[in-house]
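Student: Once you've had a glance at the structure underneath, I'll fire off some questions.
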Amino acid sequence: MALFSVPPPVTVILLDIEGTTTPITFVKDVLFPYVKENIKKYLLEHWQEKECQEDVTQLQKQAEKDSHLDGFVPIPSGVSDNTTEHMIQAVVDNVYWQMSFDRKTTALKQLQGHMWRSAYISGQLKGEVYEDVVPSIRQWRELGIKLYIYSSGSIDAQKLLFGYSIEGDLLKLLDGHFDTNIGHKVESKSYRNIADNIGCLPENILFLTDVVKEALAAEKAGLHVAVVVRPGNAALTDEDKSNCCCITSFHQIHFPSQK
C-alpha cells in the first residue's frame, strides 16, 4: 500500500464526510429510507409538539410555492374540517413527493433533521464510518494534528452522525465543523475562509475528499489535497488520477514524525 507523505507545514486535516469518512450509500440507503418508513409514526407521536407544528407550517408554506409544479401534493391549512389524520396523511404524501424528486427544500430538510435526531438519540440510527477512520484520527491527534469536518450537510447533522456513530461518540476527536455557511465546496474562497476561521495558513491544511472538483478548488486556495477512492464513489477519469494524489485508506496518510 503506497503511502501519502504529508508535507511538513500541515498541522490540520480537513475531512469531507460522504465517500470519505462515511459510505456514500449511508444517506441514500439508510437515512432517506428511514424517513419514508417512519414519517407517519413520527408525526403521530409528535403532532402536538411545537417543533413538529413549526415543521408542518414550513412544509405548508413550501407547498404553496410549489402549487405550479406538475403533480404537486397540497397540504391544507389547519381548518376545522381537516382532521388530524387527514392533515398527517397530506404531510406524508407531500414529503414522499418531494423526496421522489430528491428535493432539498429547507422545510423538508428541517423535518428530516428532526426525525434523524430523534432516531439517533433513541438508538434507531447509528452513524457509519469506514473501519480505517477512527484508528487513523486517533493517531493523528496523538501527533498534535487538529481535525475538522467540512460537509454540505448541516453542522447539526454532522454532529449527530459522529456523536452517535457505530464507534461511539467521536465528537471528542474533532476540533470543529464547517458546512456551506462558510461557502460552497467547489469554490476556492471557501477554503481560505476555513483557514482564516481556524487561524492558520491554507498550506497548513490537508483536505481529504472524494470529489475532484472540491479537491481542485481547495488546491487552488493553497491547501494540500488527497482524493479518497472508496467503493461506490464516483469513478475517476485517467486525467483525474494524473492530476490528483489518490488514496484508498486513511492508513496511507503518513506524517514525517511517524515511525
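Note: Cβ is positioned from N, Cα and C throughout, glycine not excepted.
The shown structure was predicted, so the numbers you read here are calculated from the model rather than taken from an experiment.
Taken from Swiss-Prot, the feature Mg(2+) binding site applies to Asp16, Glu18, Asp210. The substrate binding site feature in Swiss-Prot is assigned to Ser151, Ser152, Lys185; the stated evidence is sequence analysis.
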Student: Cα-Cα, whole number of Å: Asp16 (Mg(2+) binding site) versus Ser152 (substrate binding site)?
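Tutor: With distance taken Cα to Cα, Ser152 (substrate binding site) is 9 Å from Asp16 (Mg(2+) binding site).
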Student: How many whole Å apart are the CA atoms of Asp210 (Mg(2+) binding site) and Ser151 (substrate binding site)?
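Tutor: Distance between the two Cα atoms comes out at 12 Å.
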Student: Are there residues of the same chain, six or more positions away from Ser151 (substrate binding site), whose CB falls under 8 angstroms from its CB, and which are they?
Tutor: Asp16, Ile17, Glu18, Ala157, Gln158, His177, Phe178, Asp179
Student: Just to confirm: which same-chain residues, 6+ apart in sequence, have a Cβ under 8 Å from the Cβ of Ser152 (substrate binding site)?
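Tutor: Once residues fewer than 6 apart are set aside, Ser152 (substrate binding site) is near Asp179, Thr180, Lys185.
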Student: Using DSSP reduced to three states, classify Ser152 (substrate binding site) as helix, strand or coil.
Tutor: coil
Student: What other residues of the same chain, not counting Asp16, Glu18, Asp210, have a CB atom within 8 A of the CB centroid of the Mg(2+) site?
Tutor: Ile17, Gly19, Thr20, Thr21, Thr22, Ile24, Ser151, Thr209, Val211, Val228, Asn233
Student: Excluding Ser151, Ser152, Lys185, which residues of the same chain place their Cβ within 8 Å of the centroid of the Cβ atoms of the recorded substrate site?
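Tutor: These residues sit around the substrate site: Asp16, Ile17, Tyr150, Gly153, Asp179, Thr180, Glu214.
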Student: Among all the protein chains here, how many other CB atoms are within 10 A of the CB of Glu18 (Mg(2+) binding site)?
Tutor: 21
Student: Among all the protein chains here, how many other CB atoms are within 10 A of the CB of Asp16 (Mg(2+) binding site)?
Tutor: 23
